[in-house]
Amino acid sequence: MGIESLCSADASEPFWDWNLTWHTENPDFTQCFQNTVLVWVPCIYLWVCFPAYFLYLRSHDRGYIQMSILNKAKTALGLILWIVCWADLFYSFWERSQNIFRAPFFLISPTVLGITMLLATFLIQHERLKGVQSSGVMMIFWLISLLCATVIFRSKIMLALNTDTEVDAFRYVTFCTYFILLLVQLILSCFPEKPPLFSEAVNDPKPCPEFSASFLSRITFWWITGLMIQGHRRPLEAKDLWSLNKEDTSEEIVPGLAKNWAKEWAKTKRQPLNMLYSSKKQQKSSDSNGEVMEEAEALIIKPSQRSSEASLSKVLYKTFGPYFLMSFLFKAAHDLLMFTGPEILKLLINFVNNKSAPNWQGYFYTGLLFVCACLQTLILHQYFHICFVTGMRLKTAIVGVIYRKALVITNSARKTSTVGEIVNLMSVDAQRFMDLATYINMIWSAPLQVILALYLLWRNLGPSVLAGVAVMILLVPINAVMAMKTKTYQVAQMKSKDNRIKLMNEILNGIKVLKLYAWELAFREKVLEIRQKELKVLKKSAYLAAMGTFTWVCAPFLVALSTFAVYVKVNKNNILDAQKAFVSLALFNILRFPLNILPMVISSIVEASVSLKRLRVFLSHEELDPDSIIRGPITNAEGSIVVKNATFSWSKTDPPSLNSINFTVPEGSLIAVVGQVGCGKSSLLSALLGEMDKKEGYVVVKGSIAYVPQQAWIQNATLEDNIIFGREMNESRYKRVIEACALLPDLEILPMGDRTEIGEKGVNLSGGQKQRVSLARAVYCNADTYLFDDPLSAVDAHVGKHIFEKVIGPKGILKNKTRVLVTHAVNYLPQMDTILVMTDGEISEMGSYQELLKQDGAFAEFLRTYANAEQSMESSDASSPSGKEGKPVENGVLVNDATGKLMHRQLSNSSTYSRETGKSQHQSSTAELQKPLAEKNSWKLTEADTAKTGRVKATVYWEYMKAIGLYISFLSVFLFMCNHIASLASNYWLSLWTDDPVVNGTQQYTNVRLGVYGALGISQGIAVFGYSMAVSIGGIFASRHLHLDLLHNVLRSPMSFFERTPSGNLVSRFSKEIDTIDSTIPPIIKMFMGSTFNVIGACIIILLATPIAAVVIPPLGLVYLLVQRFYVATSRQLKRLESVSRSPVYSHFNETLLGVSVIRAFEEQKRFIKQNDMKVDENQKAYYPSIVANRWLAVRLEFVGNCIVLFAALFAVIARNKLSPGLIGLSVSYSLQITAYLNWLVRMTSDLETNIVAVERVKEYAEMEKEAEWSIEETAPASTWPQEGKVEFRGFGLRYREDLDLVLKNINITINGGEKVGIVGRTGAGKSSLTLGLFRINEAAEGEIIIDGINIAKIGLHDLRFKITIIPQDPILFSGSLRMNLDPFDQHSDEDIWRSLELAHLKNFVSSLPDKLNHECSEGGENLSVGQRQLVCLARALLRKSKILVLDEATAAVDLETDNLIQSTIKSQFEECTVLTIAHRLNTIMDYTRVLVLDRGEVVECDSPDNLLQAKGLFYSMAKDSGLA
């Protein structure tokens, strides 16, 4: 009974009839089935989808779409369909009234269908109101409805044609109308609606076409075709890329992860905080950082006392879980569809064996196989698309959170996480999560596939499968051990990588010092030592990987062998026929994928777990307590800065650096902080900024703060951007600031005035200019409180005096502001309201200048000792407004070739910054300020990372092969071939075995068949192990070779290269590109080779079985190649654009880490976070189209593969009477795999081409111009050279590039051995150029320099630079021991080093350190004061004992006492030596033998100081300006 009662009033009509539907040459469904199931299926689909879809639309409102003709048409058709359905219903009621009783379905089906059509019409309108431009749910509904209606339509036509029965005319007409309306609805649903009103896409100049694309376009990724065509016609550029979808932007993604992490972090510290001011913390946390953007709030506000570990994995799951759920559903559907192939193959082989089966069944199976394969393709690539987008979002979120965290971690945390480590977190670790997102579902999917495959195998072969299962179980512990080991190696490798990147960062930051000292080789060895450890671990990983590949490639074969062996041996009557063998083989092939992918997934999870831990450790670092310093408006009148009983240390565990600090600064007063080197002056400012850990006490700083650090921090932006620093432009204030900070003459030097882009870290500015830009930034921001950390040290005293008068002093711009000035310049002290004297981290004295003199304490003694020095501060090189004024013109010249000639304008004498000439400069520089922005881009002094275009050249592959070694390369290919030949032979042998005749219920020769099958398998395994080892070892050879080349080429590059190239580009080469060469390219090569041979093998088998396939395979192959070439052009360029847009992310991040204290002081975190987000989004703008392009290609190529499946099955059906079941089984089972092979081959081809770009980018630097040879044996001078120290300049001229004017010309001067020569000159005179020429940092354009009779151009650079010593302006130290910083080549004994430290006045300090000479200097030497670093540089010079010493403003950053010590040391220890000093303070060279006066690149005067003063020339005017004449 049951459903039969619906079919007719008396239940006489059947619901299903096998004879009508299956066992016939002309199949059809029963009337009842047609009018129930085929009508209800689409209705059930829509009603099942409705609740979830309705809720989805409610939560995803994109704004409503206006009624369009398309929407009106769809709505009208929906209503007509409802009318047609209910016309049928009313007709049935009318029939009943006429006593014609039809089956119940004539009433039920039109009712259900009518209501469903009303629901569909409602959804059409609801989708419009919610902004859905193209609906997948509705399109699938119309498609299912049409397919079901097509079956009924065919049946009705056949009924009308084949029988004499009377046709129900009314129902015939209504059904035809219904069918046509469905067809029109389906066609209309293929077209998208207009964008919703007020949608962002309307205002976006380059919106991503994805959301406006139709459903059909989205599932086939047709919407990216426009970009693919564009990329095929010409190389893509950044401007061709679309904007990022809103839900993929940092603005949308990062806040979610940041908030969830903050909540998780808060949970781990439930216990009350044992802090002095915990109650105040709670009340302040809401408003103390009101400025900080919302998503950063959680990270910036929370203090960081941890009680237990927060779980980052839980947070990531909470944030990205919903995306993974979507991918879970798609993956589950795909996995189930995957097993339809073997099941249909089983039916197909049965069909071939059953000669009486009707032909249509074969075609039906073929069609079904094709449809299932196409569905599988569409679902698989939607799954992949979701995974990749999730991975992209995951990376965006992680990078965003790391950046936000980096802005708030404490200084002690910064020491544990160096710049290199944090950059690695952003590049390598974030990438690991991105990769994991693709594979994460395999954790459950692989076991599911294995279980389903084993179940179907059990059905096919029975208990014999248990033998295969046993083999698999045996392999599990082997792989578990390998996974554990891999994790250990992974941790070790990452540690080495961090150390290497950290060291490279330092090398790149201090490259000028390395070149001047000729230390490149020592540091190259240090890098290679770390690299050697890294490669050692990589080699161990490679052996493991080879073992892993061996076990996993052999696993399916071993499973098959053991299963078949047990099956045929257990019972002689078990026949291995084609159906059993090839269905099992198809299942084993399915089994191969999860078994092959599992190790990849495990290693990906292992890598991600290592990264997860590193990331969690970083995100759990202590953060600065925003409430340790009370900021903001203060009602009481105590003062602008109030510090009571405050004790500070650099970290919670360190002893206090500042003890019992008590002072109050009245509003608007000027305070000086003085003291010896390393007494805690800079620490005091850091404490007021909240950069130190407050142990106890109370600190209030009123209003906003502006901070000028001792070492100026300059951004890679225009001069104007550096000064405005994110604030609004106020022309009049800006001009006032420029003038007050003595920057007007510099604007004349710079080609585009303040619009000139200055290089990274301001490399193209002198120390003095950098300091003045840093000062101008602070002055412009108009803060309430100003903290100056010795800003006058890097500028000449004359300029310092101007700045003090115009800016800092009682009559300066800031006269009404509160100012705290750390200074070594005692001549300004009488003008101070209060002076704080620091001694060993405490305030030893405090009061006005007069009060302190009266106290007759340490301060008075200090002043008496240095009374002369005070006077000498007035006497200085007044010739220039900055400390190192040769440099602006000289390095400013590093500009684009076309416009370079225009730039080189030397300054006239009027450039001297003085009251008399101020007016004329102001006018000329105002014009500079107003130069049009249109020219801005032509004056960038640094070069952005550029993307190459076109195909990756074959030479790049050849270079990589050579790096591997040609022998290993060819051996690998040979072993790959052996492996695949053995694989094909074993399967062909199996097909012959299955075709063996059955005699008396058994097959003969079973033992032989089994033995040969096993032998082929073993030879396959040996070849697999061989090629795995060869590729892995070859990859390591290539890694070593390419890294060595890159390192050598970068170190050999001239200084101009580093001034043009942002360090982010170089760091990217050493981190991301080398990581790609280390870890990504070798496995890709392995998979590429494997896929290539798999495709070739499958085609050979199909052609052997059905030679007619030769008609189809070549054209399909041609389509395949065309589509692939079409794709690769775009994909390759997108990868390059992604690489290029990645560098600015690192550069900006590096820049932020270096200037984090300035950013925090100015409270600019919000703006910098936004900038970082924009740079990350720019990077993802190139990455997103590349992942879509991958899917676009895969869908098209899998369709080609599905066509091969279709034709292989079709030809097998056509030729079923001629072919053996074994061959058909072999052919179809291989064709089933070809789709996956093709897909994998293209992915690997594309991956190989896109990743080989890393080799291309590394090799790029091999072609750069190089410096001269480091050493030339033939011309190497004697080890005792130079004995005399005589330096002759003969007609010497110098230019910075071939197309530029000379900056030094016709220099003819002889400096005798032992002479002390001062070099002075006005701005741009060429003082620094002379030293750069002497060290051959820039080569001579004309003339020559002779030292002790040897032309320095003829000898090696190291031979020269080792023999001359310089004490540079910027004292740079490297992380490592103090001993390494003094003697990196380990050439000197401890006695020598201690003696040099004693002479440099550092012996007491170093002796007091726990580790003495092994004291670890932090990155950049940050754990020593600038003065102490300068003394270390002096100790280096003393240690080298060279005959020629060059001083480049070496005493700019030290106090007067230290300056005096340095000068006396130089006089005593270098008495016999030739000393060249670029004079910073004229008084220091007044006792020199001679003074060399340069002007406009020429020597204008050269004589003893006394004679020059009497001559009343240029030197006299400079001395007069300084008060020395």
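Glycine is no exception: its Cβ is also placed from the backbone N, Cα and C atoms.
Feature annotations, courtesy of Swiss-Prot:
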- 871-882: compositional bias 'Polar residues' (COMPBIAS)
- 908-928: compositional bias 'Polar residues' (COMPBIAS)
- 324-607: domain 'ABC transmembrane type-1 1' (DOMAIN)
- 641-865: domain 'ABC transporter 1' (DOMAIN)
- 969-1250: domain 'ABC transmembrane type-1 2' (DOMAIN)
- 1289-1521: domain 'ABC transporter 2' (DOMAIN)
- 1-33: topological domain 'Extracellular' (TOPO_DOM)
- 96-100: topological domain 'Extracellular' (TOPO_DOM)
- 155-172: topological domain 'Extracellular' (TOPO_DOM)
- 337-362: topological domain 'Extracellular' (TOPO_DOM)
- 568-589: topological domain 'Extracellular' (TOPO_DOM)
- 983-1019: topological domain 'Extracellular' (TOPO_DOM)
- 34-54: transmembrane segment (TRANSMEM)
- 75-95: transmembrane segment (TRANSMEM)
- 134-154: transmembrane segment (TRANSMEM)
- 173-193: transmembrane segment (TRANSMEM)
- 316-336: transmembrane segment (TRANSMEM)
- 440-460: transmembrane segment (TRANSMEM)
- 464-484: transmembrane segment (TRANSMEM)
- 547-567: transmembrane segment (TRANSMEM)
- 590-610: transmembrane segment (TRANSMEM)
- 1020-1040: transmembrane segment (TRANSMEM)
- 1084-1104: transmembrane segment (TRANSMEM)
- 1198-1218: transmembrane segment (TRANSMEM)
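Tertiary neighbourhood of the transmembrane segment (590-610): same-chain residues 338-339, 341-342, 432-433, 435-436, 439-440, 442-443, 445-447, 449-450, 453-454, 472, 479, 482-483, 486-487, 490-491, 494, 548, 552-553, 555-556, 559, 1236, selected by CB-CB distance under 8 Å and a gap of 6+ residues from either end. Counting Cβ pairs closer than 8 Å and at least 6 residues apart in sequence, the transmembrane segment (75-95) and the transmembrane segment (173-193) reach three or more and so form a contact. Non-local neighbours of the transmembrane segment (173-193) in the same chain are 65, 68, 70-71, 73-74, 77-78, 80-81, 84-85, 87-88, 91, 128, 132-135, 138-139, 142-143, 145-146, 149-150, 152-153, 156, 212-217; each lies 6+ residues outside the stretch with a CB under 8 Å from one of its CB atoms. Counting residues 6+ beyond its ends, the transmembrane segment (316-336) has Cβ neighbours under 8 Å at 256-257, 260, 376, 379-380, 382-383, 386-387, 389-390, 393-394, 397, 433, 440-441, 444-445, 448-449, 452 in the same chain. Distant neighbours of the topological domain 'Extracellular' (568-589): 339, 341-343, 345-346, 349-350, 353, 453, 456-457, 460-461, 464, 556, 559-560, 987, 990-991, 993-995, 998, 1001-1003, 1006, 1010, 1220-1222, 1224-1226, 1228-1229, 1232-1233; these residues of the same chain sit at least 6 beyond its ends, with a Cβ under 8 Å from one of its Cβ atoms.
Taken residue by residue, the topological domain 'Extracellular' (983-1019) breaks down under DSSP into 26 helix, 4 strand, 7 coil. Long-range neighbours of the topological domain 'Extracellular' (337-362) within the same chain, counting only residues 6 or more positions beyond its ends whose Cβ lies under 8 Å from a Cβ of the stretch, are 22, 24-25, 27, 368-369, 372-373, 375-376, 379, 449, 452-453, 456, 460, 578-579, 582-583, 586-587, 590, 1209, 1212-1213, 1216-1217, 1219, 1221, 1224-1225, 1228-1229, 1232. Under DSSP, residues within the topological domain 'Extracellular' (568-589) fall into helix, strand and coil as 15 helix, 0 strand, 7 coil.
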